[in-house]
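Trainee: A single structure is presented below for examination.
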């Protein structure tokens, strides 16, 4: 699946939103990718994650023992990608502000893992997830996401495989363009939800 088809899936789902958004990273953007609208359709999610699984297989040499994703946003694409790769799907979740592996997931030393995310902006959640995986002794052989909205600038600490790599502007709160600052800000992301 090429980049244009990936973005078309988001457009068909009504998931390519325009306005003024505060992203989970704290940055502000005129575009928000509301992946929940994509993930509510199992067929659409399946198409995207099957394509991601195929791309991971092409780019990662050697066996893959598991897919691990950060909660909340990475759980669905991680699970679906793992299903197509026929490996276990696990996730890390926040406990006292840090990602940890819980629920008895059997991630152990020496396992070869791909970390799967939904959307990457700054790479912070990916880096935190990879750090949590590393604490188990497992080896992260790659990271993957549906869309890298940093245009390839995000650093996650390992190779980042994406179905689409686009540069969507994101601004620090004190560096907003006038036209964006004039719009009311919405915060549709999932980080810090109480």
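Every residue, even glycine, has its Cβ placed from backbone N, Cα and C.
If you look up Swiss-Prot, you'll see 117, 118, 119, 120, 121, 122, 123, 124, 125 marked as 5-phospho-alpha-D-ribose 1-diphosphate binding site, on the strength of sequence analysis. Among the features that Swiss-Prot reports, orotate binding site is placed at 121, 149, with the record citing sequence analysis.
Describe the structural context of these features.
Mentor: The Cβ of residue 117 (5-phospho-alpha-D-ribose 1-diphosphate binding site) lies under 8 Å from the Cβ of 69, 70, 73, 74, 77, 78, 125, 126, 129, 143, 144, 145, 146, each on the same chain and at least six residues away in sequence.
Around residue 121 (5-phospho-alpha-D-ribose 1-diphosphate binding site), the same-chain residues at least 6 positions away in sequence with a Cβ under 8 Å from its Cβ are 23, 24, 25, 27, 149, 150, 154, 170.
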Trainee: Around the 5-phospho-alpha-D-ribose 1-diphosphate site formed by 117, 118, 119, 120, 121, 122, 123, 124, 125, which additional residues qualify by having Cβ within 8 Å of the site's Cβ center?
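Mentor: What remains near the Cβ centre is 24, 25, 126, 145, 154, 156.
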Trainee: What is the Cβ neighbour count of residue 123 (5-phospho-alpha-D-ribose 1-diphosphate binding site) at a 10 Å cut-off, with all protein chains included?
Mentor: 21
Trainee: List every residue in the same chain as residue 119 (5-phospho-alpha-D-ribose 1-diphosphate binding site), at least 6 positions away in sequence, whose Cβ is under 8 Å from its Cβ.
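Mentor: Set apart from residue 119 (5-phospho-alpha-D-ribose 1-diphosphate binding site) by at least 6 residues yet with Cβ under 8 Å, we have 33, 35, 73, 145, 146, 147, 148, 149.
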